[in-house]
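**Q** Input: one structure, supplied below.
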Amino acid sequence: MSVSVTRNDDGAMSLGVSSTHSTSLRYRALPLYSQVFRRIAYALVPTILRTRHEDFPRAAAITSTSWMDGLRGICAVLVVNFHFLFTFSPIAVLGYNSLGPVSQHITALPPLSFLWDGASSVNIFFIISGYVCSYKALQLMQDGPSNFGLLLQSLSSSVFRRGFRLYLPVLCMTLFTALLAHANGFALTDHFFAHQKIYFPGTNSEVNVPRFNTLQEQMGFWWQEMRTLTNIWESKPIYPDHDRHLWTIAYEYRMSLHVYVALLALARFEARYRLIALCALALTYTSWYRWEGPLFFLGAAGAQWDIISRQNGLMHNEALTDCERLPYQVVGAKNEPQLFNRSTGRSRQARRLLLRVLTFGLALYLMGCSVDNHKHPGYGYTWINKFIPSWYRHRETKFPKSVGALILLYLLSSGPRNLHRGAWRTILESDIALYLGKIMFALYLVHGTVLHAVGYAIPHLVWTLVGGHDSSWKWMFGMLVGWIASLAISLWAADIFHREVEMRCLRLQRWIEIKCEGRTMSGSDSLLRDPGVRRSAG
């Protein structure tokens, strides 16, 4: 129902109320096939172009962790960029001047190289996942033994839901990919992948999903890969042919379970000792050659630190300067207040700002270390190889990039909020960033199939039209058109997948949990009815 305000000839205003009831009746009067067609057609319309009032995007409420959603959304786009570029050029993994002329390009230098820094993006995903997975449980622990019942209930629910949250959308997307492969949906790129060294001179190991003669064989292959992907006892990365980018999903699930077990073991600890224990676990996982462990557990440690800081009032109020918070000091026998030296306060602020800028620069510098830096050191990064611990064997570049990501997230977390939240927080909490954060998981799942179906073929089609790619401008033009088209299609597909699949998986997950608990749906279970509600994938 909508309300409109009109003004008649003599200036009086009147209210008009229109109902969607008649529209609904007309829709139901249509033949069934027409209803189905209209429903499918409307489902394909991007959220931003929808006309129904109930489908209008809702303004996201800004919370203390909203910037994390925005950051993850931007990082998801960077992952798409990386997976597109590294197929066509080794520049995606090389540092500047690390491997002769092919690496002597300005785009190999930070900050331009951040536009496709998929490795740092994955590190950020893992750190934020550790933070998000542990925050609620740590809050309940902070209130003491009186909340241990709620804590156990929360951890039990988290462990139960985690597998469904991660794997239900994965199963749906990979099933679609398998059916698409059986329907010869990758024919556009099959020829290019058959001659990969010629058409894809990058550094990737991408393959198209094999096509089997019968649907039964196709489904059997799909099921075998999904069974392997869900194996929580396998510590090595798993690269399914249906989408080799899904190796991170298994890492997410396994390490989430590790974090939940650790939280249960540390529930009775004092907060400060729990913080120390989480950091110790991060170091222990490093000694086990598990590079992902420190990211998750230090993310959890960051959540514990934030909770302790807020409780003790250590989180400074950025709306006030040091001078405004400490306007007086007591001196003299008469205990008379005198104005605090404002120049001292400004000097202290300047030093803090300079320190943050330098630390921010250090974080970006470490994250700018190329993926192939250990084998082919880039300009300005040779010295880093001497300080990489032996525990990062075969994953050497993970060390500097992980340290850089941890520093960056700490700076963003401890940065200004509210009216003075800072430029970076403003960007990360913008509508675009938060929208990308909403569809982040869907974008991660769909972009591989989009690239293999059409994305990797677009540059070659463009080069055919412009007469090859023997010159720099032709190569760049084909890559630019291919990247824009691939990203646009991926975002469109992610928007659809988020609405039509991911949200339904969330409702199914919640319904299963309610049924298994033997209770009926209540008002608190509105997720089952409201498709606009989003739960974090991290």
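Every residue gets a Cβ built from N, Cα and C, even glycine.
Per TrEMBL, the feature domain 'Acyltransferase 3' maps to 66-493. Per TrEMBL, transmembrane segment is recorded for 74-94, 114-133, 166-183, 246-267, 353-371, 402-420, 432-455, 475-494.
Structural setting of the listed features?
**A** Only residues 6 or more beyond the boundaries of the transmembrane segment (114-133), in the same chain, are considered here, and those with a CB under 8 A from a CB of the stretch are 65, 68, 71-72, 75-76, 78-79, 81-86, 92, 107, 158, 162, 248, 251-252, 255-256, 259-260, 292, 295-300, 302-303, 364, 367-368, 371, 397-398, 401-402, 404-406, 408-409, 536, 538.
Through the fold, the transmembrane segment (246-267) approaches residues 122, 125-126, 129-130, 133-134, 137-138, 141, 148, 151, 155, 158-159, 162-163, 166-167, 170, 174, 229-232, 234-235, 237-240, 274, 277-278, 281, 292-293, 296-297, 300, 444-445, 448, 538 of its own chain, all at least 6 residues removed from its boundaries and within a Cβ separation under 8 Å.
Outside the transmembrane segment (353-371) by six or more residues, the chain places 92-95, 98, 108-111, 113-114, 117, 119-120, 378, 381, 384, 397, 400-401, 403-405, 407-408, 411, 415 with a CB less than 8 A from a CB of the stretch.
Remote same-chain residues near the transmembrane segment (432-455) are listed as 57, 60, 66, 68-77, 79-80, 83-84, 87, 169-170, 173, 176-177, 180, 185-186, 188-189, 206, 208-209, 243-246, 248, 482, 485-486, 489-491, 493-495, 497-498, 501-502, 534, 537 (criterion: CB distance under 8 Å, separation of at least six residues from the stretch ends).
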**Q** Any idea what the model's mean pLDDT is for the domain 'Acyltransferase 3' (66-493)?
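**A** Residues in the domain 'Acyltransferase 3' (66-493) carry a mean pLDDT of 90 in this prediction.
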